[in-house]
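*Asks:* Take this structure first; my questions come after.
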Amino acid sequence: MSIIPLLHLARELDHDYRTDWGHLLEDDFGFGVHAHDLFHPRRLLLPNTLGLGRRRYSPYERSHGHHNQMSRRASGGPNALLPAVGKDGFQVCMDVSQFKPNELTVKVVDNTVVVEGKHEEREDGHGMIQRHFVRKYTLPKGFDPNEVVSTVSSDGVLTLKAPPPPSKEQAKSERIVQIQQTGPAHLSVKAPAPEAGDGKAENGSGEKMETSK
């Protein structure tokens with residue numbers, strides 16, 4: 001009897017064991033989602049032929065080297081996923097598929113956007129679990145905190161956006177004043193009325209002085 005089928009079986013069992021535990025520990029809710037990931041949806045993984053259970057579902061397939069990126073993001077390394085800032089303004093996306101919309105809050109404190117997600121203890125495939133995260137994003141200089149908007153998609157991606165600040169040309173207050181055509185100027189322009197009781201003589205006016213005899 002060949003031992004090759006047994007080797008394949010052992011490899012599959014080891015892979016499923018590592019995968020299930022990896023997904024259990026890889027509860028990466030609240031982390032950023034790269035724009036590239038949004039265009040590569042993950043297929044729902046059905047139970048394999050061995051009947052060893054269903055892997056944890058996440059709506060997006062992570063890009064190559066995701067586990068290394070996760071560790072760098074958690075440590076705040078140089079390759080951490082940062083908000084995108086460009087000509088279209090400020091934008092950041094994050095995976096919140098583990099939370100319902102009413103379990104999320106977004107608020108602005110000064111020029112910082114604070115995102116919080118929390119749900120009470122509930123049962124999942126591994127037991128009881130309670131999730132809570134808080135993420136903060138500082139708006140770049142010039143961005144108006146009052147312009148921040150947030151959306152959450154049906155597949156669990158929260159997006160924060162803020163329009164770009166106005167350019168220097170747009171910041172200047174400019175208004176075109178319409179020129180109206182009128183009749184003779186003396187009919188439309190009023191002469192300024194002199195102020196009463198100011199006690200001052202106007203230019204060219206005479207002043208009579210009385211002397212005592």
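Using the three backbone atoms N, Cα and C, a Cβ is placed for every residue, glycine included.
Just lifted these from Swiss-Prot, have a look:
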type	residues	note
MOD_RES	SER58	phosphoserine
DOMAIN	71-182	domain 'sHSP'
MOD_RES	SER75	phosphoserine
REGION	157-213	region 'Disordered'
COMPBIAS	197-213	compositional bias 'Basic and acidic residues'
*Asks:* By DSSP, how many residues in the domain 'sHSP' (71-182) are helix, how many strand, and how many coil?
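*Replies:* Result for the domain 'sHSP' (71-182), in helix, strand, coil order: 14 helix, 51 strand, 47 coil.
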*Asks:* What is the average pLDDT across the domain 'sHSP' (71-182)?
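*Replies:* Mean pLDDT, the domain 'sHSP' (71-182): 82.
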